[in-house]
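*Asks:* Quick one: the structure is below, and I'll ask about it shortly.
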């Protein structure tokens, strides 16, 4: 009896979401177009990083070769962006990576993904609000900070911030109110701020190339003079790549986080007029624009000023001052505030929508899924998430939580890539995701014979009898995916994830052992890499789904596997404290899921009700 109950619990945790076949039905307002999505993605991604991150990475990690670091980071981000793009075309519903996981790998993994996305967006909102407050305070002479230190100091070092940030709370309250008014209104404000930000960045790039000198990319150790009093700081060996290629890779790992934010586009599936095409285009276009901006600003910055003289906290004003053009700091300040505003809006925009999607599915408390009849926005979810973010911005220094935000985002990226890999090789399922990917015109052209054929394939009437053997794995006879080939891919994907984790652990924790040629490290690394290649080859040999989508990830399974590897490798770079905080957050989440979500899940209600026959499912999709 105990084994039976345990098996039933396992089936509950791995049940997959049945997606409604109707593309048009949505309780939210469909008012966004492709341009709105590009503006949202650029605004969310092209935030504070372009004004601060470039200086820190150039001085401490890569030097002028930061342009290559941004290129590598952009390529890694595009891998994740392509996977998001395919799922945006396949499942144009609100929920982003949470929904993608739900329809592919099951309820428990979906809850883990959604729970970590909520954490990432809340921390992102709080940290950017404090950065906006600090930037504005710096611009007007720091009166807000001085007042807080004199009258509102918090005596809890190591636990709370030195002073509460009232202005950050006010900013969050204003933007929360803006988001509750409606998507169209908030999208308009976002477009205005994004346009100003892009114009300022164009000014910076053009000025940098005009005022800069290529000699700053050809420096030697003899030029290390402006900071010669600081003997503890290392400036590398000069030249274009002063810290070597390892410094470029280290800089790329940091620059990767500058591209985080495009995933907010995927949360707008039920608010976009043509989601199957608009979401993939919005993701890829926003990443391309952001890369051009990062590349141009970092090149201009290192051309205007020697990399070892850059100010880590405010590199751009320092570079213009170095060129004798101190007045340009006001343009930089305006651009910085606009960038922080769009980044803040980009963090706040998807936050209530993920909560809404999870609450509507019954995994979070149902009242969070209520929609305002006039504005067609999830008002309660918006206000609740905004209140939590405001409290965190008011009380906490968020330096230690930045990595925690990254771990949640990287986990979501990894799961989306795994979902693309698995779903591409599964048999067609008209009552789930397959019909969701088809347009209305295509559905009209599908006749009953095609649907019956797909149904027979699902229920096991395969054109070729399949038995488990090495030949059936390496050289399958079926042209279309079957239950057997889908099972092979599922098992292979799980094994591949374990092997990639092993490779990343050895590469990060056993770096010195590998460098010294220690036998165990070399053996484990070599064996794991070879097995990864073998398993990837097995997946590649399986028949691929012929479902027509408006966008598909190219070079499957190689690109999703590369995306998973990059994301897990970056997760392994995070410190132990981050993993401990991650475990605490997950403990809270599991308490909610096993105490409430698993029993109130909409999929559980469907399973407890009448079981739908294949014929009824076909009728629903017709």
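A Cβ is built for glycine as well, from the same backbone N, Cα and C atoms used for every other residue.
As annotated by Swiss-Prot, N-linked glycosylation site applies to 223, 229. Per Swiss-Prot, phosphoserine is recorded for 616, and the stated evidence type is a large-scale study or a structure entry. Look at Swiss-Prot and you will find 1-35, 83-102, 184-191, 261-280, 352-377, 545-552 (among others) tagged as topological domain 'Cytoplasmic', backed by sequence analysis. Residues or ranges marked as topological domain 'Extracellular' by Swiss-Prot: 58-61, 124-162, 213-239, 301-330, 507-519, 574-577. Positions annotated as transmembrane segment by Swiss-Prot, on the basis of sequence analysis: 62-82, 103-123, 163-183, 192-212, 240-260, 281-300, 331-351, 378-398, 402-422, 520-544, 553-573, 578-598 (among others).
Tell me what's around each of these sites.
*Replies:* Mean per-residue pLDDT, taken over the topological domain 'Cytoplasmic' (1-35), amounts to 64.
Counting residues 6+ beyond its ends, the topological domain 'Extracellular' (58-61) has Cβ neighbours under 8 Å at 69, 243, 247-248, 250-251, 254, 298, 301-302, 307-308, 310, 312, 315 in the same chain.
Here the topological domain 'Extracellular' (124-162) has long-range neighbours at 47-48, 168-169, 171-172, 333, 336-337, 340-341, 343-344, 347-348, 351, 385-386, 389-390, 392-393, 395-398, 401-402, 405, meaning same-chain residues at least 6 beyond its ends whose C-beta is under 8 angstroms from one of its own.
Counting residues of the topological domain 'Cytoplasmic' (261-280) by DSSP class, helix then strand then coil, yields 13 helix, 1 strand, 6 coil.
Note on the topological domain 'Extracellular' (301-330): DSSP counts are 18 helix, 0 strand, 12 coil.
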*Asks:* For the transmembrane segment (281-300), name the stretch out of 62-82, 378-398, 402-422 with the most CB-CB pairs under 8 Å.
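*Replies:* Comparing 62-82, 378-398, 402-422 against the transmembrane segment (281-300), the winner is 62-82.
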*Asks:* Could you check if the transmembrane segment (402-422) is in contact with the transmembrane segment (103-123), meaning 3+ Cβ pairs under 8 Å among residue pairs at least 6 apart in sequence?
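*Replies:* Contact between the transmembrane segment (103-123) and the transmembrane segment (402-422): present, because at least 3 Cβ pairs are under 8 Å.
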*Asks:* So which residues does the transmembrane segment (553-573) touch in its own chain, when a touch means Cβ under 8 Å and the partner is 6 or more beyond its ends?
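*Replies:* Residues 76, 79-80, 82-83, 85-86, 253, 256, 406-407, 410-411, 413-414, 417-418, 420-421, 424, 496-497, 500-501, 503-505, 507-509, 532, 536, 539-540, 544 contact the transmembrane segment (553-573) from elsewhere in the chain.
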*Asks:* Which bits of the chain, at least 6 residues beyond where the transmembrane segment (378-398) starts or stops, bring a Cβ under 8 A of a Cβ in it?
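*Replies:* Beyond its ends, the transmembrane segment (378-398) has Cβ neighbours at 28, 118, 121-123, 125-127, 129-130, 154, 160-162, 164-166, 168-169, 172-173, 175-176, 179-180, 348, 351-353, 355-356, 359, 367-372.
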*Asks:* Taking pairs 6 or more apart in sequence, does the count of Cβ pairs under 8 Å between the transmembrane segment (103-123) and the transmembrane segment (578-598) hit 3 or more?
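*Replies:* Yes, these stretches are in contact.
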